[in-house]
Amino acid sequence: MASEQSSLYGKPSTKSSKTQEITSSSNLAFTSQLSSLIAQSSGTTSHGRPRPSKTSKSDLFAKQNKGAEKRAAADLREDDHHVSDQVHKQSRDIGSIDDATLNRSKQRMAKKVRMYEDMKKGVHLTGEDSDEDEGDDYVSRLRRREKAGLVDFDTKWADEVRKKSGSGEEDDEDQDDDNASVVSYEDEFGRTRHGTRAEAARAARTKEEEENRGRATEERWRPSRPENLIYGEAIQSDAFNPDANIAAQMARLAAQRDLSPQPEFAHYDADAEVRNRGTGFYAFSQDEEERKKQMEELKKAREETRRRREKLAAREAERQAELEERRRQIQVLRNRRLAEMSMATLVTPPPETLSNGH
């Protein structure tokens, strides 16, 4: 029955009733193939994008400030007295720099060193330059640098000399015991002081340096202040009493001024302009005689008007005086009438009193 069902459609059965035996060779082949597949899969493994963290965002104060670590390291370097102030860095620390930029920086630094040495020597004060091709441009540049700079090379040089001389004096004091004696000397301010011979010598050198510095300052390229300055209120007598040269120049200018032609004398011409004049405008004539007559007529009219105004003012004053006099008389009569009425009321008794008496 089973064979009939298997061959029902005329197709042989694919399954074999017999089981295949597993040999060692087939097992070895399977193992090698499996190992090769595992190695290949491990070499070409692709990782996916990591999933974002589900935790909350980091706190604002948990993050350090920008540059805090660098500043802390700098503070530690400053606190460490054994570490030098100058920190040398290499190209890997500051980044790559091309040769052209490096050479240009070296040339600039060498130029600055040379200018600094020349300023210490005082080349900008003497006007002498070590290079002949640059000339006055280099000296003027040094002067500008010295003027705008913050280093006083005179004081610096004097301090260096004082330090050197001070160290020599200390050696001399150790060798010579005479310096321990007290002597009197005069300092740079003119005061008499008492001290050792070394202090006296130091004060003498300081005084000499101050004098030399004053002379050097006077000889410097900066212009000195003029001596004929005027402070406060002053009368310049030269403006009223000029010398001979100024008087001659003034006379020459006056002569040139007198030679110039004088402008022609002319009166105002009212007909030359076409415009409206104000009230009271009077157009005088251009003829001198006619103009004089018009002026005389105006003066006479003015005098007549003034006399009339004076008469009217006097008449008005008389009228005001008469009015005041009449007002005064009326007031006197009114006061008298009021007094009579008040006296009559006091003397005459009331009507009720008279009736009761009868």
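Positions of Cβ are set from backbone N, Cα and C atoms, glycine also.
Summarising the annotation, TrEMBL assigns region 'Disordered' to 1-25 (among others).
Residues or ranges marked as region 'Disordered' in TrEMBL: 39-137 (among others).
Summarising the annotation, TrEMBL assigns compositional bias 'Basic and acidic residues' to 66-92 (among others).
The compositional bias 'Acidic residues' annotation in TrEMBL covers 128-137 (among others).
Feature annotation from TrEMBL assigns region 'Disordered' to 155-225 (among others).
When DSSP labels each residue, the compositional bias 'Basic and acidic residues' (155-167) comes out as 13 helix, 0 strand, 0 coil, counted as helix, strand and coil in that order. What TrEMBL records for 155-167 (among others) is compositional bias 'Basic and acidic residues'.
The compositional bias 'Acidic residues' annotation in TrEMBL covers 168-179 (among others).
Residues annotated as compositional bias 'Basic and acidic residues' in TrEMBL: 188-225 (among others).
Look at TrEMBL and you will find 283-326 (among others) tagged as region 'Disordered'.
The compositional bias 'Basic and acidic residues' feature in TrEMBL is assigned to 289-326 (among others). A Cβ distance under 8 Å defines the sequence-distant neighbours of the compositional bias 'Basic and acidic residues' (289-326), meaning residues of its chain 6+ beyond its ends; these are 267, 282.
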Residues sitting near the compositional bias 'Basic and acidic residues' (155-167): Cβ under 8 Å, six or more positions beyond its termini, same chain? 120, 202, 205-206, 209, 213
